[in-house]
Amino acid sequence: MARGKAKEEGSWKKFIWNSEKKEFLGRTGGSWFKILLFYVIFYGCLAGIFIGTIQVMLLTISEFKPTYQDRVAPPGLTQIPQSQKTEISFRPNDPQSYESYVVSIVRFLEKYKDLAQKDDMIFEDCGNVPSELKERGEYNNERGERKVCRFRLEWLGNCSGLNDETYGYKDGKPCVIIKLNRVLGFKPKPPKNESLETYPVMKYNPYVLPVHCTGKRDEDKEKVGTMEYFGLGGYPGFPLQYYPYYGKLLQPKYLQPLMAVQFTNLTMDTEIRIECKAYGENIGYSEKDRFQGRFDVKIEVKS
């Protein structure tokens, strides 16, 4: 038994290092060199093919515009303040209850202040009334960064924060700022006037993508009360001259147009679901994405 065990251990040691043949794990130094060289060349070629394929693919992709733009979903509609569970609940006589909503609006509108839009090399005035789309050339850097249209806070009226730093919350008349999410190259197509006959209160303009808010359910519609809309030129929507958006590389300071709605007569102590929708020929809605082209928010003004 002892001899067999010693013989077995000796055979393993000899396999690991054979001093007679100068072999390590059954191979000589030259053999190990050849096999290592083979694998270095083999995997080097694989890496080269992979890198080359990636480089060729990158040559077909623009860093300024997606290749398959037609597969991008329509933009979503978003409200500010953005609160947990999209609920706004507060007491007008309790500043702490609405402080977070006010802070959210203030922070968002910081970049819309006049001081932030002073640089004439970046910003330009695009008019005080809605107008047609403002094309700024191809999506490349041949012309460098593109200019950005200024957006004045004063166009948001009672919801601008210029005259009321609480945006109506201290009076129980909360403001909600509405924006259309950025989609590179998106060109809004406003609906035809006749398609808005269902909403006679909407102020129509062929150069505005309109937005309308109403109660989500029948019982909500009775409790929403009156609403005041604010936007460029007095139109509740997004003027076309702010589109298309050219992306972060070409328009790093881009300001999307805003509008605001103020709920001036909400039924007190009642949770009201309100839905706001953008209307346009290329605005879509999805049951899977409740923010695509619309949003709904619950608002409760407590006594």
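Cβ atoms are placed via backbone N, Cα and C, with glycine included.
Note: Swiss-Prot links CYS149 through a disulfide bond to CYS126 (candidates: CYS126, CYS175).
Applying DSSP to the region 'immunoglobulin-like' (191-303) sorts its residues as follows: 14 helix, 38 strand, 61 coil.
The Cβ of CYS213 (disulfide bond) lies under 8 Å from the Cβ of VAL224, MET227, VAL261, ILE274, GLU275, CYS276, LYS277, each of these being in the same chain and 6 or more residues away along the sequence. Among the recorded positions CYS126, CYS149, ASN158, the ones whose Cα sits within 10 Å of the Cα of CYS175 (disulfide bond) are ASN158, in sequence order.
For the glycosylation sites ASN158, ASN265, the greatest number of Cβ atoms within 10 Å around a candidate Cβ is found at ASN158. CYS149 (disulfide bond) falls within a strand segment according to DSSP.
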